[in-house]
Each structure stands twice: as C-alpha cells, then as structure tokens.
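Enquirer: Okay, these came from TrEMBL:
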BINDING   A400, T401, S402, K403, Q404, G405, K406, S407  ATP binding site
DOMAIN    384-579  domain 'FtsK'
REGION    1-31  region 'Disordered'
TRANSMEM  160-182  transmembrane segment
TRANSMEM  202-227  transmembrane segment
Amino acid sequence: MTTTANTTPDPDEVPDNVLPLRRTGDPPVGPVVPDEAIEGELLTAEQSAELDRRLAARRMRQAADSVGQVVRVVRASPATGRVARGVRIGARAGWTVAQGHVSWARRATQAATYGHVREQIRLARLAGDPLALAEWTERLDMLKNGRAQRLRELPGTLWAGLRAVFVAVTVLAGVALLAGVAMQFTPGGWDWATWWGLIGDVLGVAGLVVTIAVQVVLWGTGPALLVAAWREGRRAAVVPRWLVSEQERAEMDSEITPDLITRALAHVKVTALTKYLKEGGQLEYLVQPREQGGGTYTQIRLPLGVVAADLLPTGKAELLAGNLGRHKHEVWPQRDPAADARVLDLWIADKGTMDKPAPPWPLLDDGEFDVFRDRLPFGVTMRQEQISVGMLQKHWLIGATSKQGKSTVMRLLALGLALDPTVELLVADLKGDGDWKMFVRRASQYVEGSTDEHAGRACDMLEWAVGEMERRYQAKSDQGIVGPIPRELSRRKGSGFHPVYVFVDECQVLYGAPHPVGGTKDDSRAVRAAKRLHDQARAVNIHLAQATQRPDDRTLPVRVREGAHVRCALNVPNEGTARMILADAVDRGARPQDLRPGADAGTVVATGEVEDIPAGQAFVITRTNYVSTQDAYRVIDRAMAILARHGRTVDPAGDTTEPAAPVDHLADIERAMRDEPYTRTTLVLARLIEDNPEIYEDWNAERLAEELRRWEIPIRKISNKVVHSDDVANAITRRDNGELTGDPADTDEDDR
Ligand SMILES: Nc1ncnc2c1ncn2[C@@H]1O[C@H](COP(=O)(O)OP(=O)(O)OP(=O)(O)O)[C@@H](O)[C@H]1O
C-alpha cells in the first residue's frame, strides 16, 4: 500500500511525494525527514496497483530516454484480453461453419458431376497410366448412363408413388366407412355420430403430432445444421493462423501431417514436383507419417520425373525443413537404395529432439566388455534407440571440425575396449592436450605430442602393428588355423592372437609430417603402414582407428581414407569434407555439414559397418554417449582392476613369445571331473567355467554335449545326465592313438 498527496494525478505522471508506508522498525525508504508530518491518503489495493504501474512506466521511459529511444507504454487489461479471446473464438466458429457449407457445396457439386471419378481420370492421365485411365473412364460412362436411366424413369416412379398414396387413403376411408356401418347394425354398438367423433379425435391427435413434429423440425433444423456445418468445417478445412492462439499455433506447427508434407514438397523448387502438385497430383505415401521416437518417419513415392536424390542437397533439404517449420538439422531426407530412385525416406525430428543429451554411457560405472561377444554401446539415435557397434575386424575413421567432440567420440571406443582384459591398446594423441592421458596406464604404447618427433613415434607404432600382423600370419599358418581366429584362441593368455587396437588422434599431424614419415605418396612410411594395416590386419584381429580435423588429400591420403570400415563425421565445414569422410553416404542424404557447430557436439553421422543402421539406409545419426575426461579416468581405474582380476598385464608382448598351446578340451573335461567315477554334466560345465573362464564362460549344456559327441563320449543317465570318467579316459586314449580325430564329419550319427 502507498500514500499519495491529495491531488488528482496525471495518469502517466507519478507525483514525487509518493512514499511507501513502512512498519515501525523497518529501515527508512526514500527521503523521509525525521519528525516531519506527512499529509496523505490511504489507497485501495486497485489504486495502489495502478500507481505501481505508473511507477514502472516512468522507470521504462527514463531508461529509454537515456538511450534516446521512444517508448509507448501499452496497457494490457485482462478485460481486453478476454474480449479479444471471445472475438477470436466467435470468428473461428463462424469461419468453421462457413467452411462447412463450402465443403458441402463442393461435395454436392462433386457428386453431381462425378468429381471424384473425374479426378481419378485426371490423375491417371497425369501419371501416364493408360490402364487406370481406361478403367476410370469406363466407370464414369457407367455412372452417367445409370443416372440418365434413373431420370428417364423418374415421372413413372412419381406417378406410381402418387397412385399408391391415393389407394392407401381410399382403402383406409373405405375401412372406416365399413366399420361405421357395421357399428350401426351391431346391437349395443356405437351410433353414427360417436363413431365419426372417434375418427375425428384420431385425426386431431395425428394432426397435433404432425404439427409438433413440424415445429421441432423448424426450430431444431437451424442449430442442427449449424453444428453439422461446424463439424464438416473442422474436418475439411484448416483454421487460418490469425484465428488461433499462440499455443495452438505452436501445436499446429509441430504436427507433421501428409497435407503439411505435401505442401512443403510443393515448394522445394523442384520443377516437376511443384508442377505435379499444383495440378492437383497426389503423393503416394508408402509409409504413412508415423511417430518414431523423437520424430516423424514417412516414405513417399515421388511422381514421374522426380527422384529422391533431387531433395538431398543441402539447399533443398534446408528449404524443405523451412517449409515444415523446422531447422535444417531437424529434417533428414534419405534415399533408400533398396527401393527405386523415386522413393524418398523422410525423417523429421520433433522440435527440440536434437537438443536432448544422450543418456549416460551404459558402461560408465559398471560392466566388462568382450570384443568377440558384445557390441559396444556408442550412443542413441534421434529416435532414442540405442546404437551399439561390433568392434571386431573394423577400422575406423572419424572426422570433424575442431571442438566438435571428435577426440571424445574416439576415446569412447577406446574406453569400451579397455574394459576387455584381452585387448591391447596403442594410443597416439598427436594433439598432445592431455585428452588421452588416462590411457598411459592402460595402453601398451602411448605417444602424446604434436611435433615431428611425436609423428615419427606414431609412425613407429603403426609399423610395429604391421610387424605384429606379419608375425600373426606366420603363426596362423604354422598352427594350421584357417579362416578367422577363434574367440577361445584369441582370448587365451599367451596365444599371441589377442585383439590389438591402434588409435591415432589428429592423424593429419602424422601424414603431414616431413618425408619419409609423412607425405601422401606410397613411399611415405606412415601411408605404407596404414595401407598395409587396412588391407590385411583385420583378419588377424589388429585394428586401426584414426581421427582428423582435415580429411583432405594432403593430410589424409585417399588410399588411407578408403580402408576404413566405419566412418563417422561430426560437424564438418562443407559437403566436400563430408564426402571425404562419408564417401557415398553423402549421395544418399548424409549431411554432417548441417549439424550445428557446438550445439551438436558429440553427434555423429555414422556410415559403413554399423550394425544398427536401419535397413535400407546409408547412415545413422547418433548422439554419442558423453564420457568426460574426469569420468574417463574412473573408467580406466576399472579397466586396470579388470585386468588385475584376470591376471593380465598391460604389455602382453611377453605372452607372444610363448608358443600358443592349443586348447585341449578333453583334458580340461577330465580335470573337471576331479577323479570322480562319474560327474553330472551340469557340474562338469560349472567346473570348466570356474577353471578357465576365458575359454569356457560362453559354453552351455549344448556346447558341452557337442564336444562330448565329437569324441564319442556318451552322456549316460542315472537320475541325472552324467559323464563317466572311463568314457573320457577311453576317448583320450583313442585320440592319442589316432583312432579319433574329433572331426564332426567322422562322428557316427548313431552314436549321438
Ligand atoms: N558426446 C558428447 N556429448 C556432448 N558434448 C560433447 C560430446 N563430445 C564432446 N562434447 C563437447 O565437445 C567439446 C569438444 O570435444 P573434443 O575435445 O573431443 O573435440 P575435438 O573435435 O576433438 O576438438 P579438437 O579438434 O580441438 O581436438 C567437449 O569439451 C565437450 O564439451
């Protein structure tokens, strides 16, 4: 509440003698002179609020004066708001009712002229479909002939109706007359006047009912018609934007309907498409727009003369996005190579979907990883579906403009792999900013720095991997291993076939280093090593992952780029750079250049051998799980603990010097029986896993049974399924004598 001098103030002028009242004990506010008497008046709450408004207005004016602006204070009264809302609702109802009538008129005209059939004829002509054209033309002729026939028969039908009414009335009158005559001759029956009085009453009641019905129809038809017209208007027309509230407008904007998509496509400046839609052509929705996670997905067959590729360039996609009321990074047209060239895949994000962060990385606080068995959690799609990648036998390339999360994304892969105790990691961080420092403990080789010397050491690392690859090919041949290296062998300590991953961050430093380390020609040591790894290493479980800011020919030779099986682009400056990383995926709609710098850090467009790329699509947009540098240290702590738990060391080089002893499952089974005469198969399996988890943790009852069959060891039944130690010992003897080979082909079916 406020006190004011007792004069009538100018509505926008605030008197200087306005002082707030205060409780005794509150600190003084304003220029109060002690002991000075103040004459004033007490205001009501409304008057006080009005005064507060004027004070605020004055403050605004003063602020504007200081920057030389003109400010008009607009009063927003609740009553004005209510009136405006009432007017808007009334106008909208009137408009909807009018549209209902327009729609009825249109439908009546269509019905009268067979408009829907004519429309089909026009579309068939437009689509160049002679079969449909002939069919619809024939149908139109049939309908026209049918109507002409009915018109010819109309007078006859009316005449027959009139006759029927005349006959009905005559019969009823005759019956009443006969009944009246009969009453006369019936003893104690009604007299003539009473009978006709009754007939008159019946006719009177019928007349009353008819009158009431006519009144009801007369009074009810108007409102019923209005309601029906309003409903028809709502069905048939979209309310103009100026007649809806701001909130409704936002809802209208976010809803993706076939109509909206068609309208948006009509204005993407593809001449044939615009012409077709302007002439009233309809798009064929192979998949109706449907909610998919954080957006709307649809598949459309474009008209003749238009292919999906016409809508993929950034300019077109941006235009389409604008027409749909979206930002360019929210609309992703794609080409489905499995379908014909006219089929367009379209995904439109809900507003704000792209701003949602990815959920925490599933392996952040818990869990081990097995590169043979598991897929590495990598992120989620815009549709919130998990993306996981199999890491075995794939080389990676990641490219992005600076500060878009390239190192973080590649480090995520390395962190996951670090949780597999059998994996050896080699890391070259050629930025040297400490992003990878936590790997010092976990990596068997670690280089950090951006000088030529560091590039030289990274090159040595690649060449070491080439040497290791050659050694493995030789060992494979010596041990008679054909095809991929089995998981059991690869995971066995000292096998010499454990998975190896070489990570090179900022690899442009390596290829940009002076000759002979760098360079783009084949005589560059780095190019030669990377190329050899790309060509041959994955078959012996050696992998190369590289990340760069500049994937151009000078800093990342094309022959090195081509060898990557998984390619990821975060935000890149332009389509040319996108193509260098993602290759053909760019022709099918990949546009990492449209990701927002900064806002979309950590969002990758991934293509190649990524299992979760939806069928028929070339790439998947993934918001990668974010593991901060601080959290990365925690993950590596866990990785070291896992390593210790498995009795492994970081540098498995010592292991590789031991010749890999082949696994002897028979001997392991015999050991698992612990000298018992017979043992339950479930117990044998449990002991195998306990004795040697790395080899047997994937085994189940079926796998054990298969192994026993290989060696012709029967599974016997004594209340439970058991294996006899005599049978196992016998199998070992026969095998050692060369009588059993363990080859499944040699196993007699009858023994199974
Ligand atoms: N998955 C992610 N989710 C959210 N933000 C991320 C993600 N990854 C990275 N960022 C953000 O992006 C910033 C830059 O990340 P990072 O250093 O990995 O980029 P970069 O492309 O490697 O940069 P530079 O080219 O300078 O090496 C991080 O500090 C982080 O804030």
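Glycine is treated like the rest: Cβ placed from N, Cα and C.
Quick caveat, the model's predicted, so the values are computed rather than measured.
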Enquirer: If you count Cβ atoms within 10 Å of each one, which of the binding-site residues T401, S402, Q404, S407 comes out on top?
Expert: Q404
Enquirer: Give the nonlocal contacts of the transmembrane segment (202-227) in its own chain as ranges (CB under 8 Å, at least six residues past its ends).
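Expert: Contacts of the transmembrane segment (202-227) (Cβ under 8 Å, skipping residues fewer than 6 from its ends): 97.
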Enquirer: Comparing the binding-site residues K403, K406, which residue's C-beta has the most other C-beta atoms within 10 angstroms in this structure?
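Expert: Its Cβ has the most other Cβ atoms within 10 Å: K406.
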Enquirer: I'd like the number of other C-beta atoms within 10 A of the C-beta of A400 (ATP binding site), please.
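Expert: Other Cβ atoms within 10 Å of A400 (ATP binding site): 29.
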Enquirer: Which number gives the other C-beta atoms within 10 angstroms of the C-beta of G405 (ATP binding site), all protein chains shown included?
Expert: 21
